Amino acid sequence: MRPSMGRTVSEDEEVYNILPIHDMLADNDALRFPEVRAAMKALEPMVDLPMPPTFVLQGREMKRWRRQRRDIMDWLEIFFGFQKDNVKNQREHLVLLLANYQMRLQPPPDPLDTLDHKVVHHLRRRLLKNYTKWCSFLREPSSLFLSEVNGDWRQLTYCSLYLLIWGEAANLRFMPECLCYIFHHMAKELNRILGSPQTDKDNLPYSFGQCGFLDKVVKPIYEAVRGEAQAAMEGRAPHSSWRNYDDMNEYFWTKRCFRQLGWPLDMQSNYLMTPHQQKNQEQNGGSKHLQQKVGKTGFVEQRSFLNIYRSFDHLWTGLILMFQAMMILAFNKNGIPWDVLYDRDVQGSVLTIFVTWPGLRLLQATLDVVTQYRLVSSETKLVGLRMVLKILVASIWTTIFSYLLARAWKQRTIDRKWSPEANLKLIQLLETAAVFILPEILAIVLFILPWIRNFVERSEWKIFHLITWWFQTRLFVARGLRENVFDNIRYTTFWLMVLCTKFSFSYFMQVRPLVEPTRALLRLDMINYEWHEFFTNHNRFVVIVIWTPVILVYLMDIQIWYAVFQSLVGAMVGLTNHIGEIRTVQQLKLRFPFFASAITFNLAPKEGLLGEDILPHSRYVNLVKDMVRRVKLRYGLGKDYRKFESNTLEARKFAYIWNTVIHFFRQEDLISDHESQLLQFPGSSWNVSVVQWPSVLLSNEVLAAVSMTQVWQGNDDQRLWTKICKNEYRRCAVVECYDSIKYLLKRILNEGSEEYRIVDDLFNQIEREIEEGTFCENFKVSALAEVHSRILGLVTVLSNKAPRKEVVVALQNLYDAVVRDFLQFHTKDSVSSVRGHASSTERIELLFVNAVQVPHYEKEKAFYHRLRRFSTTLSPKGAMNDVPKNLDARRRIAFFSNSIFMNMPHAPTVERMLSFSVLTPYYKEDVLYSIQQLNSPNEDGVTVLFYLQSIYPDEWRNFLERMKLQDVQHPEENLPEEKLESSEEFKMQLRLWASYRGQTLGRTVRGMMYYHHALETLDYLDTASEFDLKQGQDYIRSESLNSCQSFDYSSTQKASSNLNSMSAVYRVSQEKATALLKFTYVVACQMYGSHKSKNDPRANDILFLMRNNPAMRVAYIDEVCRPGSGKKFYSVLVKYDTVRRQEVEIYRIQLPGEVKLGEGKPENQNQALIFTRGDAVQTIDMNQDNYFEEALKIRNLLQEFTMYYGLRRPQILGVREHVFTGSVSSVAWFMSAQESSFVTLGQRVLAYPLRIRMHYGHPDVFDRIWFLTRGGISKASRVINISEDIFAGYNCALRGGTVTHHEYIQVGKGRDLGLNQIALFEAKVSSGNGEQMLSRDVFRLGHRLDFFRMLSFYYTTVGFYISSLITILTIYAFLWGRVYLALSGFEQFIVNSLHNSALMASLNQQFLVQLGFFSALPMIVESSLERGFSTALWEFLTMQLEMCSVFFTFSLGTKGHHFGKTLLHGGAKYRATGRGFVVRHEKFTENYRLYARSHFVKGVELMILLIVYEAYGGLTKTTHVYLLLTFSSWFLAISWILAPFLFNPFCLQTVNEFEDFQNWLWCRRGLLAKGNQSWEVWWNEEQDYLRTTGVWGKILEVILSCRFFLIQYGVVYRLHIAAKNKSIFVYLFSWIFVIAAIFLCFLISRAGERFSAKNHLLYRTIQLLVALGMVLGLIVLLDLTEFHFVDLFLSFLAFIPSGWGLLCISLVFKPSLVQTRMWPVVVTIARLYEFALGVTVMIPLAILSWVPGFQEMQTRMLFNQAFNRGLHISKILKRPNQPV
């Protein structure tokens, strides 16, 4: 068949996506594959397929139906009412799946163009596996009717039906069991049609008719979902009041769906009833015959702090019981715990845990009732029964154990010893305890034998359901989650080590040191309190104050020990995975000889190796052989590259891959033209007989060989040559130079000339002497240095295009050196005899004059290019250790080379590889930077272009060189700036260069399209011959040097198309077709339709990307408004048609309504997922990048889906990320280091050995078929799924999937660059984790995983944020406890009364919090692993000098605040952080709005506590003691206040911005004012969460606010005016002053409202009278009481916190106060507090502004990394106003 060439198309020709399935005879490359034709043929209907009813197709239509080639999809469309474009989409989808499965069959089926039955069976089994499990779970007979007759065709029909349902289900795709329900009934209808002899109205499907499926099936359920989403009120309504996607889906986990919903769908079903409909029904129908809508199903999300305990009760039960046991052991006797346990009294005390244990179960059962009572209905009575029974049983057990224990101790007390009677009662207690723990023993046995546990949980036998009913709810998910025995042993050992370390530390370092001090405190009496003490008879509250920080540390320090052991285990696993073995380009040079073999071993297809069809024992033998060969390759023990001959196929393939990688480096402007020449393999020319290594590897090797000859003594050729050959590069360099000079001299001399014969004879003589081993005897090897210099002179003359005369002189000089110095006497004679009278001086001068023919420079560019390599090899001008100079290029080369030596599956051929798609969601971010964006200065006067030029100076020079705008040899000769914009091409190239260095869609698209280029390249290499590779290699090299375009389709195709042969053109077309069959890239541009209608420049930029990347597809939502029909929504797929030269619409599928019912991003992904293809889908965010060299390994990565990890094959492949934004600033570096350790070492340990890795975000690769039948790649319920990505991992784990992590491949990822953007990102993630705590996924994983995997899950997800919150609470508990002891006078009393060093040490428990230093250990260990210990240590010290501790402390506050606030009150929302270049000065007002509540208020609170403690503390008499006690607390408080300014460029300008802050603060609210314009608007927005929080949230808020009254209570008794009176009336009297202050504020506020505008003089008079009254009152107090002036300041210290507490409480009651006259007073007081807070924050900045050189130091600290990369920050700081 002739290959497809350029052609024209008619307007009526049907547009297609990948395959023109509508026309099997079309001239399309993909249709040449027999597998594609087989799949298309398989869809053709069988003979007995029923025809559509006659009333549908009549007359001519029926004849046309019979005559046209209709397939299964067309038939299903007619009968079941599917949309035409949905059918077209899924037809292509199904054909591609079948064709790709057929391609992978081994051995290939015969004939190839007939679909093998294994393919259909495999697809049906994978696609309908979830459906068959659902039927089994509900004990419902499956609707799949499979028989041997027409079995394959019927299976294919079922698969087609499911795909059509899925493709048109819209938002229902988030509800996989709902789709199972629909498929179940529609498959029944299908069976009925196929089983009936004719079709009539009686057996037509329910959805029959045009768009019947959408209107009759999808829309009713969609409307119910939409109604619930509206009831959510944008997430403000409590989760328990509306049904989310999970509730709607889990309704189909019970058989009531068949009874209530039925089929056809019962439109009056309570499942389809929305909250709005029910409300109307209640209003209109009274109380009789009300139909109650289906409520929450399976789980109720209730907001409460107690969810921390409820979801992970096993963990907290274990911690509480262990703490109780440690307390008993420590307080009874001193000694080692196992020695203390020999005491019977201690044993009896330890048994009290059996009272606590059922008590905790009672608490859990009570929480279940309180939170889940909404699940109980008339149809779920058993759920309510079990709740009640669990409370009763737990109560009974608690009572029994309490009674038995009390009875035993009573007997012991009576007998005064453990008598036989007492022992007998103790034994009875133990026997009862044995019965109590019997279920736990059974759980341990099942843990040891996990396959039994999995069998029981997955079994559908009723006996097992009856047994397990008490312990857990029967769910469709979360069954059989146990791993195999070996995995159990690994992660159990890990956690046993962690727990042993933790409990040992807690017992010996926390509990035991406090035992004696506690006893001493409890013995104290007659304490002289400084205030009115309500409880004077005991000191128990003091003991609680001292123990609270210890208990909090005890509850969170597992997180620290986990970090320590994670680092150690991660380092060991990383070492075994060979991570970081090649860290630099220099190390690569040493191992480069083995690199080719590794490339061939891993990237070249190995057919039959470790295949799926080999016998088990052969598989293990091959695994062992594979492992042995990997070791040989890795350490150079096996066959290295020099064993390949230079012209072999393997050598050419390696050179081709390497050169292609370097070619793309050059296209990305990471290297210059010169560096590209040095790094690439040269083409096969000049008759070189050895491997021609890249020039960078041959640096100085020839000089080294020449230096050896200079000192060589002796005539042994072999010894000299052996010495030279010790270095492989040196051997090749010497041979290459010899062959090159031989070729060069013959090339520039006329072949018939006498000089040519002299040279030819001379080389023949040299080669003869070498062969005979007499070279050193007949030639002066010491003279080679002179010959070398003369050769170098000749090459230099030729390279500089010198006149012919100079070439002749250079040749004569070379001839003279050879004849005079190099040749021995008798050798000279033999040479002279050739020419006769060569000794004649005259003749010598005439040598070469007429024999030289210098090649023309323009016509012989390849010659001169090769000449430059020869010159470089002879004598490089400089050291090449820094080639390439670009740090990113060096990093990528090092990682790629190191990864090739790592363990990875062997790559199949491209045709046999798994097919995949990439999906990128896009909203409104930048696509490409416009010229205006690049040249517009920001508020600091810096343009984006100038910033990029400063950050990437080398890449900017390379760009100008590539665009032929600058000579790299003379960089100072810059072209005028106007020439950058002299043409549209240059403008676009400039935009692309800038966009590829930002976080833009253009960068992401370029990176993902590398997959397409890589597949074309790999497919080319799979079939290429030596001649093809030679031509392709030469073309790539020339393209790398000469092309000025940013990117073209593929160098492979260019190289091949350069050959003028039909076979080459055919192969190019086949490569493109293969790549399209295997790879699809879909960008979900949700707003693309809106952008096009508004002529938004982003739409044009997206079209440009499609035009430059023909394999790219764009999916978007189109909203169409038509008169009479209202709004209609469509999911549309478009592409750029290269033939029509325009954008064309491929599919348009109508949706039931608006797409965004939940969170935007997952909804956007969901609507585009139907347009993806293949077995896998990689999710890529818009801030990510990819690299060509990494894309070459995609075949290996996808093969991981065929491997077993433990019991299962993986469903998600985790991929390593490189954060490419770490060098912009110090803040970005800190974030990058933290993120890098998480995505490398953290994920590595989670995957192995802990087996609990989730999907933490992109760029993981999903098993697409598995996920499309199980709810998609994310969850979308409003607010609860705000962290949508991680729920895909939760869903995978709950449904029995496995997630792995692979570090031999990586993608790039951008992170936020400024502190504000980082804070917004962390706020978003922390809030998302707060919402996760309420979710059913976390609850189920916390209860269904075994104990040790549950620990792994907890401490790597929500537990990390809980530990962060507990850390902050520990600081608070410590300081408030110290303040309580100080103000009460108790601390001073015990200092004076007791001299116990242990007691003094107990008062400083905060040092335990400082163990948090170990949380940074993973970052240090991973850096050591990948960059070396010394580098990692230096980086860590540098980070400390750049105040990374301040950053991480500030980050801790961000996490704790937003997590705690969300957990208590809700209010999580998506926070757009922006992905631009955020290295600019943030104004004081902006920082204040962002951090006032999360950091500033808390920081000031801590500072007040520290000041109070310093003033009244008994242990703080000396400064050094006070600093030791409070250093970390001061550091925390100062960090929270100053960090936003320390990490803000030009931070001292903040002092000049205070006036803006005041204008914002005193601005009155307008109707259209925003939070950044008016303080009052912002203040109300900050309190919004109190409007939607629950009752318990408000109560807890009030309780927490009451802590501020403690300071006033303590300080007022210390005032002189109190006269040491300790009566409670002193405190009560102090409130008179608070009330008076409030009254004055009220008076001034009211006066301002009434008179400030109309009667300003009266208003000023009132203010004067108030001021005079205050002064008069102060004078009276000074004269008539003991009041001192210092009391005034102390009163402020006391009353300010109380006022803040009152203000916080009043905000809780805002709905009641806002209608009263007190509300303006509250607003006024709040504004005054905000002003005072702003002044407090501003004071340290004002002080720092007076410090000489602080601004320069801060700038250096902030931009240190950029300095190291050559950032000319001084230029940026000059603020150029002119655009670049």
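Keep in mind that glycine also has a Cβ here, set from the backbone N, Cα and C atoms.
These features come from TrEMBL:
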type	residues	note
DOMAIN	153-266	domain '1,3-beta-glucan synthase component FKS1-like'
TRANSMEM	312-331	transmembrane segment
TRANSMEM	387-406	transmembrane segment
TRANSMEM	426-449	transmembrane segment
TRANSMEM	541-565	transmembrane segment
TRANSMEM	1353-1377	transmembrane segment
TRANSMEM	1521-1543	transmembrane segment
TRANSMEM	1624-1645	transmembrane segment
TRANSMEM	1657-1678	transmembrane segment
TRANSMEM	1685-1708	transmembrane segment
TRANSMEM	1728-1747	transmembrane segment
Contacting positions for the transmembrane segment (1353-1377) when only residues 6+ beyond its ends and CB under 8 Å are counted: 308, 312, 315, 545-546, 548-549, 552-553, 555-556, 558-559, 562, 1242, 1246, 1250, 1252, 1254, 1286, 1326, 1329-1330, 1332-1333, 1338, 1341-1342, 1345, 1405-1406, 1409, 1412, 1452-1453, 1455-1456, 1459-1460, 1502, 1505-1506, 1509, 1528-1529, 1532, 1603, 1606
Distal contacts, the transmembrane segment (387-406) - CB-CB under 8 A, six or more residues away: 348, 351-352, 354-355, 358-359, 361-362, 364-366, 368-369, 372-373, 376, 425, 428-429, 432-433, 436, 470
For the transmembrane segment (1685-1708), sequence-distant contacts whose Cβ falls under 8 Å of one of its Cβ atoms, 6 or more beyond its ends: 1501, 1504, 1507-1508, 1583, 1586, 1594, 1597-1598, 1601-1605, 1607-1608, 1610-1612, 1614-1617, 1630, 1633-1634, 1637, 1674, 1678, 1718, 1722, 1725-1726, 1729, 1732
Residue numbers, six or more beyond the limits of the transmembrane segment (1624-1645), whose CB comes under 8 Å of its CB atoms: 531-532, 1608-1609, 1612-1613, 1618, 1662-1663, 1666, 1670, 1691, 1694-1695, 1698-1699, 1702, 1717-1718, 1720-1721, 1724-1725, 1728
Mean of pLDDT values spanning the domain '1,3-beta-glucan synthase component FKS1-like' (153-266): 91
Same-chain residues at least 6 beyond the ends of the transmembrane segment (1521-1543) whose Cβ lies under 8 Å from its Cβ atoms: 1226-1227, 1314-1316, 1371, 1374-1375, 1378, 1403-1404, 1406-1407, 1409-1410, 1443, 1445-1447, 1449-1450, 1453, 1482, 1487, 1490-1491, 1495-1496, 1498-1500, 1502-1503, 1505-1506, 1509-1510, 1513, 1515, 1550, 1736-1737, 1740-1741, 1754, 1757-1758
Helix, strand and coil residues within the domain '1,3-beta-glucan synthase component FKS1-like' (153-266) as assigned by DSSP: 81 helix, 0 strand, 33 coil
